[in-house]
Amino acid sequence: MSQDSQHGKWTISSSDDDDDDEGIPLSGTTTSKPHQPTVSNPSSQWSASPPSPKLEPVKATAEVKPEPANTPVSSLVVGSEARQSAAKNQINPVKYETSPSLAGKRKKEVSDGSGWALSDSDDDDDDGDRAPPPSPKAKKVKVENERPPSPHGRLYYIDEPEDFFESSVPCLNDTYRFYLNKVTGVDRKYNSGPLILLYCLSSQFNYCFDIAWMVEQYPPEFRDRPVLIVHGDKREAKARLVQQAQPFPHVRFCQAKLDIAFGTHHTKMMLLWYEEGFRVIITTSNLIRADWYQKTQGMWMSPLFPRLPEGSSASAGESPTFFKRDLLEYLASYRAAELEEWIQRIKEHDLSETRVYLVGSTPGRYVGADMDRWGHLRLRKLLYDHTDPVPGEERWPVIGQFSSIGSMGLDKTKWLAGEFQRTMTTLGKSSLRSDPPMHLVYPSVEDVRTSLEGYPAGGSLPYSIQTAQKQLWLHSFFHRWKANTTGRSHAMPHIKTYMRASPDFTQLAWFLVTSANLSKAAWGALEKNNTQVMVRSYELGVLYVPSAFNMKTFPVHKNPFPVSSSAGFPVPFDLPPTCYSPKDQPWIWNIPYSQAPDTHGNIWVPS
């Protein structure tokens, strides 16, 4: 079975395998050199690393006229020195042949499998974030009104205006404390993100690290402040990470335990300690340069939590959302001595101003009362306890938006509707088991092709052909990435958000920003006749419910930029979502796109 589009043909296998292992082992994939992905052996099944694409410049006759750059993501500002050149380890491009022979040859290779090794295995790197692939040296065809430089040139990280990285704290809406990061290449009015001052003792939880770049985000006089890196790397990847840190003796490590195969340490959190108190930041960005430049990312930034008076009780400083208790429980789940001092510090601070609920995942198999501690069952319980039914709720759609997709079975009843949708449609103690519309927002090939980064943006959208070909039913749920209201339509999403909206998309029943993609590994899956839940990965997010803000619902902010004190919630993309057209295909990262060049004149040829 095959599917055609303007970007080529897929060959779909007839395998009915439904393996629960959603991701290949990621222990060897940490991006210690974020612009140099390992090349897989094309004659065997994919290894634990992304395909290394050839970015081929297109001749002048194939000139692309990019759309105006009016919608990229604002990237989170972490310091004044994020403008660094990044043209190391570049590869030589392959000359692009405009004859149909190339496209035909590539299609044939996909069709008969003789060069792509599209195995029937369900192994799929569903949760792994990826930095953009290496960039070619050759200059691209100059295009009139060209967008900002892509990962393909030495100016990629230094072309923003001098005052792009502000030196003062901008106007922020502190009602929700939800922000989008700054993005180069968009109108200034869309770039009013928060400024994080890294001059403190800190703990950094993440999936990918570029330690040298991270250290450079601190002001020079504070670059020797102690930093604890919490990661999930093993063996060779761990050795590479430790090697990265050799020039920085103030950097220490804590290895998260990943006891279940195919799990990842995917949580993205900062604990920042100041003389006046401490702050928690839960974000969707890896600690690598590319994640903070031209991608759509989100974060929740806590208030500055002050220290409690001496002799305060153990229960002091708790919030109405029990954020302190849940954060301590999450940190304790690592069972790591390196985190004990941080746990003690949190106990000594007042977190009572927090108005969001913590939703985390930690690896394990849980039974009984522990089943609703983590993953989507944790979200289900919070929605049951802290939201209220709404009239006509069967017409209130569920919206999920993510940057990677795992294996979910041969049809929607296996997990998506059988478990996950039931969680997402929970509203208070309503006995109504509604089946409202479900809109899944994931970039199409055209979204990636016309993005600020061009095809390399797809390196952070690791949906594989091996998984996609087994769940074509899922694609009927897909909607385009469009974010004109936030200026980010051309900044591909690495953010992950989930919400329940009113039929007219003007109100929200709840909103979640998280590191968790659409996968069983991230959210957990029921086992043993629903008496046990198994979670593979570490994930972390925050849930907004209206009752915590003394509201019935959240009004949707139609024009969130420039930032104002509006009570509206700043949804990062356009509502209602735009359904895929018959010509649209979801972005799949390990097949070629050679029929149409991207905004930088490249095609995408995985090797």
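Using the three backbone atoms N, Cα and C, a Cβ is placed for every residue, glycine included.
These come from TrEMBL:
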ACT_SITE  HIS266  active site, nucleophile
ACT_SITE  HIS494  active site, proton donor/acceptor
BINDING   LYS268, LYS496  substrate binding site
COMPBIAS  27-39  compositional bias 'Polar residues'
COMPBIAS  40-49  compositional bias 'Low complexity'
COMPBIAS  82-92  compositional bias 'Polar residues'
REGION    1-152  region 'Disordered'
SITE      SER519  site 'Interaction with DNA'
Those recorded positions of HIS266, LYS268, HIS494, LYS496 having Cα within 10 angstroms of SER519 (site 'Interaction with DNA'): none
Candidates HIS266, LYS268, HIS494: member of the recorded positions with the richest Cβ shell (10 Å): HIS266
The one of LYS496, SER519 whose CB sees the fewest other CB atoms within 10 Å, among these recorded positions: LYS496
Alpha-carbon distance [HIS266 (active site, nucleophile); HIS494 (active site, proton donor/acceptor)] in Å: 13
The residue listed as 'active site, nucleophile' to LYS496 (substrate binding site) - Cα separation in whole Å: 12
